[in-house]
């Protein structure tokens, strides 16, 4: 007899069976969960993300776990576990357990890591017999949000094609099925997080240490607590930690990579060499130099790229970034004999372009940095260790390295809250907004750039204007924001 899992796989992949026909042959232990899905695609630029109790719920996580399990299993060369981790949000326990129930209902073994950074899940997935990984986190979003990120067996973000297969299953209105003979098991494997910590230090063993450096770390009450300070201390640095406890009520609140003010003050107060701010799941990081000046992903990519180029380790002197990368960065990198390729915003697009072109280094202005030598997922801790090591090896301060790099073009970024998801994702159909963009682009010509886009992770439309001077950038930003507010966010 063909198992119910096999028949569901056939439905998801081939569309060969109808919903009603399939339901008649399933030995179901679970009634179909009542879930409400938006009309627009569920997966955004960084997995599935939304407010808990609105978009995200335990029933939905159960369904996602089941259908993700079916799809991962169908595409696996051989059966293996799924690695599951989470950040510190109050809702993460609930979603992780529900998702694990779905995965085990799909017949898969779950290795549960508990609290850990997203790149820890990606690394352990790629270095084990796992067929996939899942992280429960909403990254830099506020505490009331949460999300589900799914990784393939290689530790990279799941492809859009496989995401579409999962969503097809979710929208098929089929019951979750399982029986005693095909249930998977859930195992706590907290000890594996230590393996990730050791891997972070490995590139510099017997080469570079951070002795004599004072580093301030803002852990954002999130997934990097404990781990990041211990790794930096073991590398020899004197560490001062901010927000270094797992706190689901305060994760990312006025701290971390989206709020650098406390880190800037602490770096100057303690006369530190540099500071790092992580987001809630530690897949991104921003830095602060000794003067308190912010150092974003553009600068990190430039400095890391220049180091690799000088070592003849950067294929074709190529860096992949996004449409958000500053023109100043691009022009400076070109002057170094390098080439910059831009993608849509989202590290999954950067990852795809890196694979396509064979690029070693890529990332985003927001602090997602990918180096294919270490994997294909942004890793805030690895990036921070690399930048600290570059500073130590250079013999000069991070402030001096930044002064020697490039001048940015004035760039303004404003977020306009648009609660209606369908209106937000279809904003390009709004004629007045499109006309305003065309007018601004014509006025600035090749001396500036405009980017308007719906966020894939937050209920906002982002308006970015880059211009030859701050006055122009401010003027056109205000004009475009007014149009978006008037026509899309009444």
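Placed from the backbone N, Cα and C atoms, the Cβ positions cover glycine too.
Features of the protein shown, as given by Swiss-Prot:
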type	residues	note
ACT_SITE	139	active site, phosphoserine intermediate
BINDING	139, 279, 281, 283	Mg(2+) binding site
MOD_RES	139	phosphoserine
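Projection of Swiss-Prot feature records onto the structure.
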| residue | record | Cβ within 10 Å |
| --- | --- | --- |
| 139 | active site, phosphoserine intermediate | 31 |
| 279 | Mg(2+) binding site | 34 |
| 281 | Mg(2+) binding site | 36 |
| 283 | Mg(2+) binding site | 33 |
Other than 139, 279, 281, 283, which residues of the same chain sit close to Mg(2+)? List them in sequence order, counting a residue when its Cβ is within 8 Å of the Cβ centroid of the site. 87, 117, 118, 137, 140, 222, 223, 278, 280, 282, 284, 380
Pop the Cα-Cα gap between the residue listed as 'active site, phosphoserine intermediate' and residue 279 (Mg(2+) binding site) into the table, whole Å please. 6
Give me the Cα-Cα distance between residue 281 (Mg(2+) binding site) and the residue listed as 'active site, phosphoserine intermediate', rounded to a whole Å. 5
Rounded to the nearest Å, what's the C-alpha distance separating residue 283 (Mg(2+) binding site) and residue 139 (active site, phosphoserine intermediate)? Just drop the number here, would you? 8
Can you tell me whether DSSP puts residue 139 (active site, phosphoserine intermediate) in helix, strand or coil? coil
